[in-house]
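Okay, structure first, notes after.
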Amino acid sequence: MQPTPFRGASHRILAPDVARGLMLLSICVANVSTAWLSGTEFGAHFQRGAGIVGIATSPGWLNASDRILIVLNDIAAHFRGLPMFAFLFGYGFGMIVQSLARRGYDSRRARGVLAKRYAWLLIIGVVHCVFLFHGDILVLYSIIAMLLVIGVNWSTKTYRVLIGVLVALVIVQLVLVPGITLGSTAGVPSSSPATAPRGQDFPQLFITSSYLTHVGLGVLAALQYVLLSPLYLVQLGPVILGGLIASRYRWLEDAESHRPSLLRWAGCGLSAAVVVGVAEGCVQIGWWPAIWGPVLAAVNYATGMVAGPGIIAAIALLLVPVQRRLLTVGGQPSAPISWLAALGRMSLTGYVMQSVVLHIFTARYLLNVGHGHGATVAFLVALGTWSLTLVFAVCWAKTGRRGPVEAVHRRLAYGPPAGTRHHHTPGPHPAGPPLTAPYPPTAPPPAGPPPTGSGPAEWPPR
């Protein structure tokens, strides 16, 4: 199969934006249950690979809802948002590469643009990690992206071989050291469920008594991400590279042409999410023997790398009729789709805003809300936080401007807008749909006129 050639379009592609909007909900639920509200004040609780989920001690609807939500969390949130992010991150990276190639940038110049872009994203991630949320994911992904810059013109075949090597390393790691995996917070290596009996305190890295302590631990967390980035590259690399390859075939932009492949991914991913998620959830709520916990935690982690892309494939397929209507008839999608797309277009702002809201409400030295009330309250806190970011995104979209954090990153990475550079004559705008890179700007760099020529024979990569 050959990568799908670029086709011009006048509408932004919905699938990546809607997927990112939903992804932020999954990430928020996972982060709240494993970081912001982690603790042991509530009754029975169960340690898994990434934190503690609580169950109310009193019988009745709250106890039942806690159990239901714990199972649903294992199906739809626990190691689901992270692989979705990884896939979309790789997809966006590939889209930027293709855009630069269309504009006439050779591989050397493209590497420079990409390196600067992700270096600034790394700095934003460090600031976010130190001052807001220790479970930041931007630091890791920025480092991985800068490593990808080295192989920006590698062939698809080379990437597939690399995926095979990384998957083999992941399997070895899960067999030899099953406790060292990425948790739902996409950051702190989790302790093995086998070594954390029911009732044991989870290390309170995220729960501090003062902001000064919080900042100090944030510095240590950021250093940890940098030092352990090779380990995380092995774990996340297959999904990121899978997204990069998918971008070369334009899976999300031309989902209708790739329906068979997307159906296979959606079927496998959703099936894995449900089957393994239910099994692990049954262990978490005490219906199955706890001895299965470590095995199912490792299996859920591994299947998450299929479930995440599978969820994105399902979203792309569901949006095919909507996208077709927009491209042929015009108009606007329904309100819920428009709202999710608005949040997806400013997903970096939405992600950082989650940390601001949750920090204010849950920090011990601030409002200190939500601790010790079980899974239902944790879910409501997450849903409320995500809803606030959704409302903000919808209102901000009416201004026609990029998200605030996206605008800052774009200015740092690419300089002032082309119209403010008196010494610069901007080149023509590239044809085709706007870029939909996960984080953060959604348009090609406004640098000076690109060099002439299309670069070496292998460029753009195929």
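Cβ from N, Cα, C; glycine included.
No curator has checked TrEMBL annotations; they are predicted automatically.
Annotation comment: TrEMBL describes 21-39 (among others) as transmembrane segment.
Summarising the annotation, TrEMBL assigns transmembrane segment to 75-97 (among others).
Among the features that TrEMBL reports, transmembrane segment is placed at 118-150 (among others). Sequence-distant contacts of the transmembrane segment (118-150), counting only residues of its own chain at least 6 positions beyond either end whose CB sits under 8 Å from a CB of the stretch, comprise 27, 31, 34-35, 82, 85-86, 89-90, 93, 111, 185-188, 205-206, 214-215, 217-219, 221-222, 225-226, 229, 232-233, 236-237, 240, 244, 348, 351-352, 355-356, 358-359, 405, 408-409, 412-413, 439-440.
Residues annotated as transmembrane segment in TrEMBL: 162-184 (among others).
Here TrEMBL flags 232-251 (among others) as transmembrane segment.
The domain 'DUF418' annotation in TrEMBL covers 248-415.
The transmembrane segment annotation in TrEMBL covers 263-287 (among others).
Residues or ranges marked as transmembrane segment by TrEMBL: 299-320 (among others). Sequence-distant neighbours of the transmembrane segment (299-320) (same chain, 6+ residues past either end, Cβ-Cβ under 8 Å): 14-15, 18-19, 22, 49, 74, 78-88, 170-171, 174, 181-182, 238-239, 242-243, 246, 251-252, 255-256, 259, 262-263, 265-270, 272-273, 276-277, 279-280, 337.
Here TrEMBL flags 348-367 (among others) as transmembrane segment.
If you look up TrEMBL, you'll see 373-397 (among others) marked as transmembrane segment. For the transmembrane segment (373-397), the residues of the chain that approach it from at least six positions outside its boundaries are 21, 24-25, 28-29, 31-33, 36-37, 42-43, 53-56, 62, 65-67, 69-70, 73, 338-340, 342-343, 345-346, 349-350, 353-354, 357-358, 361-362, 403-404, judged by C-beta separation under 8 angstroms.
Here TrEMBL flags 415-462 as region 'Disordered'.
TrEMBL lists 427-462 with the feature compositional bias 'Pro residues'.
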